[in-house]
Amino acid sequence: MSDIEKGKKIFVQKCAQCHTVDKGGKHKTGPNLHGLFGRKTGQAAGFSYTDANKNKGITWGEDTLMEYLENPKKYIPGTKMIFAGVKKKGERADLIDYLKKATNE
């Protein structure tokens, strides 16, 4: 069972320096993640993506995020995201549950 509060802590520690989740939130080094679930890679309006992100052509959901967040550069070679990933599956599940809630409010 995942834990949204743990997921929020992981987001604050590992993601928030580059991403926002609020509706209408600004892009930082990385795109605003509001509306992430069900969106195709490289599609946040107003953010400049690499061709690798635009051309990946997957839709973000629990399964794709689980794989991507383990090793972003392996999942999308050429991504600008300079993040090593979250290696522990339980932590990724917590983070994804937090993102599911936070990017949809």
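In case you wondered, yes, glycine gets a Cβ from its N, Cα and C as well.
The heme c binding site annotation in Swiss-Prot covers CYS15, CYS18, HIS19, MET81. Residues or ranges marked as phosphotyrosine in Swiss-Prot: TYR49, TYR98. According to Swiss-Prot, the feature N6-succinyllysine maps to LYS56, LYS73, an assignment based on similarity to another entry. Per Swiss-Prot, N6-acetyllysine is recorded for LYS73, LYS100.
Remark: CYS18 (heme c binding site) has LYS28, THR29, GLY30, MET81, PHE83 as non-local neighbours, by Cβ distance under 8 Å and separation of at least 6 in sequence. LYS73 (N6-succinyllysine) counts 16 other C-beta atoms within 10 Å of its own C-beta, drawing on all protein chains shown. Counting neighbouring Cβ atoms within 10 Å of each of the recorded positions (HIS19, LYS56, LYS100), the lowest count belongs to LYS100. In the shown protein chains, 17 other C-beta atoms lie within 10 A of the C-beta of TYR49 (phosphotyrosine). Between the farthest pair of Cα atoms in the heme c binding residues (CYS15, CYS18, HIS19, MET81), the distance is 11 Å. Listed in chain order, the extra residues whose Cβ falls within 8 Å of the Cβ center of the heme c site residues CYS15, CYS18, HIS19, MET81 are LYS14, ALA16, GLN17, LYS28, THR29, GLY30, LEU33, PHE83. Distance from the CA of TYR49 (phosphotyrosine) to the CA of LYS56 (N6-succinyllysine) is 11 Å.
For TYR98 (phosphotyrosine), the nearest of the recorded positions by C-alpha distance turns out to be CYS15; the candidates were CYS15, TYR49, LYS73.
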